[in-house]
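As structure tokens, the structure follows; a few thoughts come after it.
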């Protein structure tokens, strides 16, 4: 009671006395009245009912305090959640690039990442191939040997050999472990060679040419062992499926073809574009669910081996400014993606299987959500036409080297988040998180 003033004590006693009187507690009333030397309760006294009011106020205040404490706890939880780093989503390129690599004296035509080293190879119309440390942003060497524009470059699955092709009608093999010595020059095409790819076994090469053919080469001997014919015009590109069973090609005849690699037969002709088909690529198996959702297809039966087989779906890009997604087995066009303002030059499926990236002569990269076909992101990538685009490779869970595009492994490989683009502006840009 020491904390109360005399006036407060008097008001408290009178309030208690009024409460005891109203409650009929006569003995307690008489004792308090005697001890506190108070007169009888006056019904008009403002102390009448005061104790009940105070008690009710305390209960209301306690409830308010509890509500405020709960609200404060919720706000603190929200604050803590906001302060925690967000779970990393799929890597998508965003400006600015990590490096802009400049040394070529003519447009960059194609790019390839080494499967194990932090090395990027760039092919150019200046007739050279340049090798870059993409992490440091430094140029390591320039390779000369072709006499005309170098149109494409690729590394074998283990990185021991590099292949190039050129408008000089030849392909060349370079030994990466021996100062990039040119160990073989392959002759056979009758016109510019526009595309070269190692098959997954690393023992064969496939090339596409303006002579309207696709050729298969034995790496060990350098001999042409197969020639695929069928296109009516320049074959721009020929790309194998992840298991090497199929090839998809793009041509000036406005078609794309699916080839059986073992027989050289055309299994399907994809018609629908209204101009030159510049690029074609198979979808990786992990993109199949999103593509089926986009096309409104039912999930496959559990025993349907097609659901996990490489080469089921493909994408093509054309000078008609569109991208088409295809069922490669039936030849049906599942969806046409529209958004670019100029030729489509390169297509890459995102390693997550959720997106498709496209590069165009409108100087941009576009990111397409495969599940709904919408463009979710546009990146102003270069000051001139974007001619090429490629992902870094991936190290498999078993330690083997697997390419990011077309991964059909049941064990998720360790992804390397790096994308490179090349341009008519003579630069290469490296995009990392």
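Each residue, glycine too, has its Cβ placed from N, Cα and C.
Database features (Swiss-Prot):
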COILED    57-84  coiled coil
DOMAIN    8-40  domain 'LisH'
REPEAT    103-144  repeat 'WD 1'
REPEAT    146-184  repeat 'WD 2'
REPEAT    188-227  repeat 'WD 3'
REPEAT    230-269  repeat 'WD 4'
REPEAT    272-336  repeat 'WD 5'
REPEAT    339-378  repeat 'WD 6'
REPEAT    381-429  repeat 'WD 7'
Original post:
So what's the average pLDDT for the coiled coil (57-84)?
Top reply: 78
Original post:
Counting only residues 6+ away from its ends, which parts of the chain sit with a Cβ under 8 Å from the repeat 'WD 3' (188-227)?
Top reply: 148-149, 151-158, 161, 163-167, 169-171, 173, 233-240, 242-244, 247, 249, 251, 259, 261, 264
**OP:** With DSSP as the yardstick, break the repeat 'WD 6' (339-378) down into helix, strand and coil residue counts.
**Re:** 0 helix, 23 strand, 17 coil
Original post:
In the domain 'LisH' (8-40), how many residues does DSSP put in helix, strand and coil?
Top reply: 27 helix, 0 strand, 6 coil
